[in-house]
Amino acid sequence: MALAASARCCPPLLSSSASASISFPSSARAPALQRTRGGPGPRRRLQRCLCSQQFAERQTSGAQQQQQQQLERLFSNLNQATMKHEPGSVTSAIFLVAGTTVGAGILAIPAVTQEAGFLASAVTCIFCWIYMVVTGLLVAEVNVNTMCELGSGGVSLVSMAMRTLGTSGVRTACVSYLFIHYALLVAYVARSSEIITNSLGIPLWESATLFSLVFGGLCYFGSQRVIGAVNGFLVFSILASFTALVVVASGNLQWSSLLEANFAAAPQSIPIIALSFVYQNVVPVLCTNLEGDLSKVRKAIVVGTAIPLALFLTWDAVLLGTIPGLAGDGTIIDPLEQLRSSNGTVGPIVEAFSFLAIGTSYIGFVLGLSDFIADLLKLPSGQNKPLPYVVTLVPPLVLSLLDPEIFFKALDFAGTYGVLVLFGVFPAAMSWSERYSDDLEAPVPPIVPGGKFTLAFVMGGALLVIFSEIFKDIMQLQGLH
């Protein structure tokens, strides 16, 4: 969703120490943040207005409600050309969350949930959805509080980590961010090259190189309008191919297969399912677009992630329901590949859907990682330099060629050691520091209930999965020797 050209803080929402309005470009980066411990002067904070109670005493009941609703936002997005208020659209925010969540991770869900069966995997999927909704709300809470303290919007995850966790938190966040993006780009190149090779009959290295050059070149040479048009076409094609796939494949659906359950095998699917629900990287954008109105942000997150949840459950039911007897038998196959090879009509649709899902995810991750690398290299903003794109595109291409079967392994590693750290442990740790540290202030009331118990559960759940995966990997390495 396009941001307004300018944002101006509403005067009633500023504290007395910052009563003047503040304007900033919507595309500007958040200012560098120094973490202070008991500094000499008061910190400049943006906070909600308390004078609405005095105003309400002089107004009718209807005017009271209208004024309170207007003061829910922290600032106003203004169009510099027209100087008109342009509030963010909740509907657009919902689609932004849904579009970010639906990606190539959906391709791996049937493969990692087949042993558990549909019933057990559906319960796991719903649990992961609730968990990721909570972590997204925690990110929103910390983001708005950071905007209050800085007096500006556009606050990044790095600025949030610096404010709440200090330098060590920023370093861990940067490492996790790089790990997630590189691991997923490796998975995308590996799977797309396999699809191209099956379709065109060319070697894998040519397929991988062709995919990287075409989509990477689009990101480097294409304008925002061109990239947006291509991405829009891909998203529309994904929906069309998914609908066709469900309609065609559901004809062989065996309803009794949907009742199969092996709950003991369900935990091993958590990393990839959690990876499939990643959207937290756009929560700072939501908070800025929706003017810091947490009620709107909460609605966008809950509804926006519920759409992919329904999509994932439908997808998993169709794939596992057409291949009965997988739950608990220990046989590891890819239901997507089996469906493609067993049905001449479904095969091309599966290939098209897989390639389109990978393509949309690849474009977004290349743009995000190249911009992040350009920032690390201190390159001027607004200029397309080739070095960040070379550093972004070449390593995943090389790694995917070294191990063509790396798709599921890369997704599993990204989900375990990247997503569960950056979007599992980190949101709870930042919120804990903000809520219970004497050195930080949180003008916005918590939007996630449960206090320390909820935060401890979020951190403990992520750490439990991480350490169990580490133990499993160590045992597998010992078994090889």
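Any Cβ shown, glycine's included, is placed from N, Cα and C.
Here is what TrEMBL records for this protein:
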TRANSMEM  93-112  transmembrane segment
TRANSMEM  119-140  transmembrane segment
TRANSMEM  170-190  transmembrane segment
TRANSMEM  202-223  transmembrane segment
TRANSMEM  229-249  transmembrane segment
TRANSMEM  261-280  transmembrane segment
TRANSMEM  300-328  transmembrane segment
TRANSMEM  349-374  transmembrane segment
TRANSMEM  414-433  transmembrane segment
TRANSMEM  453-471  transmembrane segment
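Contact between the transmembrane segment (93-112) and the transmembrane segment (349-374) is present: at least three CB pairs lie under 8 Å, with pairs separated by 6 or more positions in sequence.
Scored by C-beta pairs under 8 angstroms, the transmembrane segment (261-280) has its highest count with 119-140, from the stretches 119-140, 170-190, 229-249, 349-374, 453-471. The stretches the transmembrane segment (119-140) and the transmembrane segment (453-471) meet in space: the count of Cβ pairs below 8 angstroms, excluding pairs fewer than 6 apart in sequence, reaches at least three. Contact between the transmembrane segment (414-433) and the transmembrane segment (349-374) does not hold: fewer than three of their C-beta pairs are under 8 Å, each pair 6 or more apart in sequence. Tertiary proximity for the transmembrane segment (229-249) is limited to same-chain residues at least six positions away from its ends with a CB under 8 Å from its CB atoms, namely 99, 102, 218, 222, 311, 314-315, 318-319, 322, 339, 343, 345-346, 349-350, 352-353, 356-357, 359-360, 363-364.
Within its own chain, the transmembrane segment (349-374) is flanked in space by residues 100, 102-104, 106-107, 177-178, 181-182, 184-185, 188-189, 191-192, 195-196, 198-199, 211, 215-216, 218-219, 227, 230-231, 234-235, 237-238, 241-242, 244-245, 248, 281, 336, 339-340, 381, 385, 388-389, 391-393, which lie at least six positions past its ends and keep a Cβ under 8 Å from the stretch.
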